[in-house]
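So that we are looking at the same thing, I have put the structure below in C-alpha cells.
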Amino acid sequence: MVSPARPPQPGLPETVPARMVNKFVYCPRLFYLEWVQGRFATSDDVEEGRWIHRVVDEPGGDLPDPETDLECFAGRTSRSFWITSTDLGVSAKIDIVEISDDGTVIPVDYKKGAPDRHGKAWPADEIQSVLQALLLQEAGYRVRKAEIWYAETRRRVEIPIDETRLQDVHQLMQRLWQTAASDTMPAPLQDSPKCPRCSLVGLCLPDEINTLRIRQQTAQRPRGVMAADPDSRPVYVMEQGTVVGIRRGRLETYKQDEKLASYRLIDVQQLCLYGNITVTPQAMRELLAREIPVCWFSYGGWFSGMAQGLPSKHVELRRSQYTATPETLLAAAGSMIEGKIKNCRTLLRRNSRTPTGQAIDQLADLATAATTPAGYPSLLGFEGTAARIYFSRFSGMLSENTGLDTTAFDTNGRARRPPPDPVNALLSFTYALLVKDLTSTLATIGFDPYYGVFHRPRYGRPALALDLAEEFRPLIADSTVIQLINNGEIRPTHFTGGCQLDRDGRRAVITAYERRMAHEIKHPVFGYRVNYRRALDVQGRILAAHLTGELPAYTPFTTR
C-alpha cells in the first residue's frame, strides 16, 4: 500500500487521473497546463490516439468480485474499467483487465506508438500501468504484472510489479501533488525532443520562453520549432437579414430560404456578424461549446461585443494580471509603445514616397525614451508625439494615381467617430478588425481583455486588446490600408455619404486584412516563419509569461 501523498490543501481534488500522472512524468509543465490550469489543444497524434483507443473505450464485461474464486473466470476480460482510490489519491480508466489462469488480474493499457529502441516501455507509460496495478491491488485483486500494448509494433510489453516500482510511485506522487498545489507553473523543458510533437507546444512556448529568459546572457539561438498555425479562419457575414444556422456539423447561412454559404465547423475560428444578422439558438450553443467566438459589429464596422463560451480556466493569469505592480505594468506599457513607434518608423522607411529623414530620427528618439518613462503621463506624451509625426507623413506612403482622394487626410489628420475622409474610414475599420482578433485571442489565452496595462479600464472598452494592438497597428492595419489604396482595391464608389464603406467596400477591406493576417514573416526574436495571426497569439502568451513571473520583461514584436 502506498501512503497518501496528497497535501491537505483546500481546493485540491481528492484524486488525480492516472493519465495525468503519465503527463507529469513526461513533462511537469504539460501536467500543470492540462490538469491544474485545464488547458488543452488537440493534434494529429492526439486524434490518432483516440482512434486507436476506440476499440477499448466502449465498456464491456464485468470484473468479478475479488473475494470470489477468480480462477473460475480465467480468460474473462473487462473493457474500459473505472477504478478509484482516495487512499492512493488516484483514479483510472483501465483499457482492459484480464483474468489469468492462476486467478491474478492483468491491467492492459493501449498506446498508439512503439516501445523504446530497447523494446521497453517508456517511463511515463510504465508509471501509468503501475498505478493501474496498484489500484487493482488496493481493491483486493492479486496483480503480479501489468502490460502495455503498443499499436505501432502490435505487441505487448510486460511491466513486473515489484517493491522498487512501488517506491518510485510513492516518491513521484509526492512531487506531483506538490506541483499541483503550487501557484507557480514548472519551467519549460530545455532543448527537449519531446516538445516539437507535444499538442500544447503552441500554448507552452518552451523555446520562446527559454530564449527570452536567457537572451541577455547568451547569444544562443532557439531551435527551429515552427509555431503552430490553426487551419481555421474567421467567417464574416455581412448580408443584412441573414440567418446563421447549423446542420450536420456545418455552419450555414440563409436569407429567405436561400442558402448563401456553408462552412465546416472545424474550419471556423470566429463568426463575425455585421449589422442585422440572426444566429439560431442551436448554432449559438454549438459555437459556445466549441469555444468559437461570435463577434458583433455595427453595420459600419464598429466592434460592439463578443460571446465566447465559458471563461478560460487560467485563473492564475487573471490573478497576476489584476495584482501586477504599477512598476510592472508601466514597464510592459513602455515596451509596447516602444514597439509601436519602431514599427511606425519601419513602415515609413519602407513605403514613403517623400523624404522622411527628420521624422525617422525623431521616431527613433521617442522609441528610446518610451523604454524608461517617468510615469504614464510622460509615456502618453511620447506616444502622442510619435503618432502626430507618423500620421503627418502617412499620406506620403499613398499613391496619388488611384482615383481615391487622400488629400483630405493631410488636413484632418487621424480623426475618428465618425471618420471625416476615406483614409480615416479605412484605418478605423481595420483597427476594429485588429481589436476584435486580439480580444478573442487574449480571452482564449486566459486574460481579462478589458483590464489593460497602458489604456485605462473604461466601461465596454477592451483595454488590453487595445494595448497589444499598439505594436501591431502599423504592421497589420496600416499596412492593409496602404496596400488597399496603392493597389487600387478600394475605389471612391466604395464609400457612401459620411465616408462610410458600403458592402462591397467592407468585403474588399476584409479580404485585404485577412490576406495580411495570413502573410508569413520571419519572427524577429525566434527566427521561425510565422503569420501575423499566429504572431498575435505568441505575443499574448509572452505577455502572460511576463505577468506570471516566468519572464523578467515583456519583449515587443518589431520588424526591421
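Glycine is treated like the rest: Cβ placed from N, Cα and C.
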Which of Glu383, Glu400, Glu520, Glu550 shares the Mn(2+) site with His455, Glu470 per TrEMBL?
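Record source TrEMBL; matching candidate: Glu383.
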Report the same-chain neighbours of Glu383 (Mn(2+) binding site): residues 6+ apart in sequence with Cβ closer than 8 Å to its Cβ, ordered by sequence.
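Non-local contacts for Glu383 (Mn(2+) binding site): Ile337, Lys340, Ile341, Ala370, Glu470.
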Could you check what DSSP calls His455 (Mn(2+) binding site) once collapsed to helix, strand or coil?
coil
For Mn(2+), what surrounds Glu383, His455, Glu470 with a Cβ no more than 8 Å from their Cβ centroid?
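Apart from the listed residues, the neighbours are Ala333, Met336, Ile337, Lys340, Phe454, Leu466, Asp467.
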Any idea what the model's mean pLDDT is for the domain 'DUF83' (20-205)?
85
In sequence order, what residues of the same chain, 6+ apart, have a Cβ less than 8 Å from the Cβ of His455 (Mn(2+) binding site)?
Arg461, Ala463, Leu464, Leu466, Asp467
Does DSSP give Glu470 (Mn(2+) binding site) helix, strand or coil?
helix
Tell me, how many other CB atoms lie within 10 A of the CB of Glu470 (Mn(2+) binding site), whichever protein chain they belong to?
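Neighbour count, Cβ to Cβ under the 10 Å cut-off: 21.
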